[in-house]
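Engineer: If you scroll down you'll find the structure; I have some questions about it.
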Amino acid sequence: MEPLPGWGSAPWSQAPTDNTFRLVPCVFLLNLLQRISAQPSCRQEEFLVGDECCPMCNPGYHVKQVCSEHTGTVCAPCPPQTYTAHANGLSKCLPCGVCDPDMGLLTWQECSSWKDTVCRCIPGYFCENQDGSHCSTCLQHTTCPPGQRVEKRGTHDQDTVCADCLTGTFSLGGTQEECLPWTNCSAFQQEVRRGTNSTDTTCSSQVVYYVVSILLPLVIVGAGIAGFLICTRRHLHTSSVAKELEPFQEQQENTIRFPVTEVGFAETEEETASN
């Protein structure tokens with residue numbers, strides 16, 4: 001039995017083909033482009049509100065009321081401790097930054113309605129993160145380690161630059177700009193350890209001890225001999241002088257004795273006459 005007209009099998013298949021899947025992304029992109037093209041293109045000094053382009057507010061102001069078909073944008077000044085640095089469509093001004101001393105920061109320029117606070121590093125620190133003239137993070141200047149000296153001192157935007165000590169000099173580290181020369185051991189000292197770029201030469205005083213221990217007894221013996229010779233010479237000189245003076249002493253004694261004898265003889269004669 002033949003099927004009725006119009007009740008036969010369909011001339012097309014209901015199963016999706018590869019071409020159908022390829023059309024889906026194209027349709028999606030087409031709709032997206034239509035939506036983008038439907039939005040108005042605002043100028044640089046305007047901002048988009050719905051389907052309208054509204055004029056931006058000047059630096060130091062914020063949007064109090066957006067524009068409409070019959071009115072423009074209503075702007076208001078930024079309250080204290082807030083600012084806007086550029087033309088904007090912001091409903092609120094931005095809060096002023098705070099320079100935290102615990103982060104090594106100090107206030108370089110106070111905040112205004114059109115400019116944020118400018119922070120710089122306190123002395124002894126340098127800026128690690130710089131945004132124009134504003135610094136957000138500071139680090140302490142590097143201290144040169146032993147064996148190095150300060151070649152260039154740190155500033156508020158640059159760290160300390162260190163350089164190695166040359167041979168014959170040393171540094172204990174720190175903030176000194178010049179390395180110190182090694183100590184030269186004297187003629188009576190011995191070099192125990194040669195200096196390095198971080199330590200000085202070490203000298204020994206044992207040689208001095210040996211020299212003193214040898215010279216001191218010699219000096220004592222020499223002084224004793226010299227004293228003995230001086231005393232002996234003085235004794236000999238005294239003896240020779242005494243011998244030379246003996247005749248004069250005897251003559252003087254005889255001269256003194258004669259008057260005594262004469263006086264005694266005269267007294268005897270007087271006593272005899274009186275008797």
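Quick reminder: no glycine exception, Cβ is built from N, Cα and C everywhere.
Remember, predicted model here, so these are calculated numbers, not experimental data.
Residues annotated as signal peptide in Swiss-Prot, with sequence analysis given as evidence: 1-38. What Swiss-Prot records for 41-75 is repeat 'TNFR-Cys 1', and it gives sequence analysis as the kind of evidence. As annotated by Swiss-Prot, disulfide bond applies to Cys42-Cys53, Cys54-Cys67, Cys57-Cys75, Cys78-Cys93, Cys96-Cys111, Cys99-Cys119, Cys121-Cys138, Cys144-Cys162. Swiss-Prot lists 120-162 with the feature repeat 'TNFR-Cys 3', giving sequence analysis as the kind of evidence. If you look up Swiss-Prot, you'll see 211-231 marked as transmembrane segment.
Relative to the rest of the structure, where do these features sit?
Structural biologist: Over the repeat 'TNFR-Cys 1' (41-75) the predicted model carries a mean pLDDT of 93.
All protein chains considered, the CB of Cys53 (disulfide bond) has 17 other CB atoms within 10 Å. The DSSP secondary structure for Cys53 (disulfide bond) is strand.
Listed in sequence order, Glu46, Phe47, Leu48, Val63, Val66, Cys67, Gly72, Thr73, Gly89 are the same-chain residues at least 6 apart in sequence whose CB falls under 8 Å from the CB of Cys54 (disulfide bond).
Other Cβ atoms within 10 Å of the Cβ of Cys57 (disulfide bond) number 24 in total over all chains.
Sequence-distant neighbours of Cys93 (disulfide bond): residues of the same chain at least 6 apart with a C-beta under 8 Å from its C-beta are His62, Cys78, Pro79, Thr82, Tyr83, Thr84, Ser113. Reduced to three states, the DSSP call for Cys93 (disulfide bond) is coil.
In the three-state DSSP classification, Cys111 (disulfide bond) falls within coil.
Here the Cβ of Cys99 (disulfide bond) has 21 other Cβ atoms within 10 Å, regardless of which shown protein chain they belong to.
Tertiary neighbourhood of the repeat 'TNFR-Cys 3' (120-162): same-chain residues 97, 101, 103-106, 108, 170-179, 196-198, selected by CB-CB distance under 8 Å and a gap of 6+ residues from either end.
A strand conformation is recorded for Cys121 (disulfide bond) in the three-state DSSP classification.
Within 10 Å of the C-beta atom of Cys144 (disulfide bond) sit 23 other C-beta atoms, taking all shown protein chains into account.
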Engineer: Select the closest residue to Cys57 (disulfide bond) from the following disulfide-bonded residues, measuring between CA atoms: Cys99, Cys111, Cys144.
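Structural biologist: That would be Cys111, nearest by Cα distance.
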Engineer: List the residues of the same chain that sit at least 6 positions away from Cys42 (disulfide bond) in sequence and have their Cβ under 8 Å from its Cβ, in sequence order, or write 'none'.
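Structural biologist: Within the chain, Cys42 (disulfide bond) has Cβ neighbours under 8 Å at Leu48, Cys53.
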Engineer: Cα within 10 Å of Cys99 (disulfide bond): which of the disulfide-bonded residues Cys75, Cys111, Cys138, Cys144 qualify?
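Structural biologist: Final answer: none.
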Engineer: Count the Cβ atoms, other than its own, that fall within 10 Å of the Cβ of Cys96 (disulfide bond), considering every protein chain shown.
Structural biologist: 17
Engineer: Whole-number Å distance between the CA of Cys121 (disulfide bond) and the CA of Cys111 (disulfide bond)?
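Structural biologist: Spelling it out, the Cα of Cys121 (disulfide bond) and the Cα of Cys111 (disulfide bond) are 17 Å apart.
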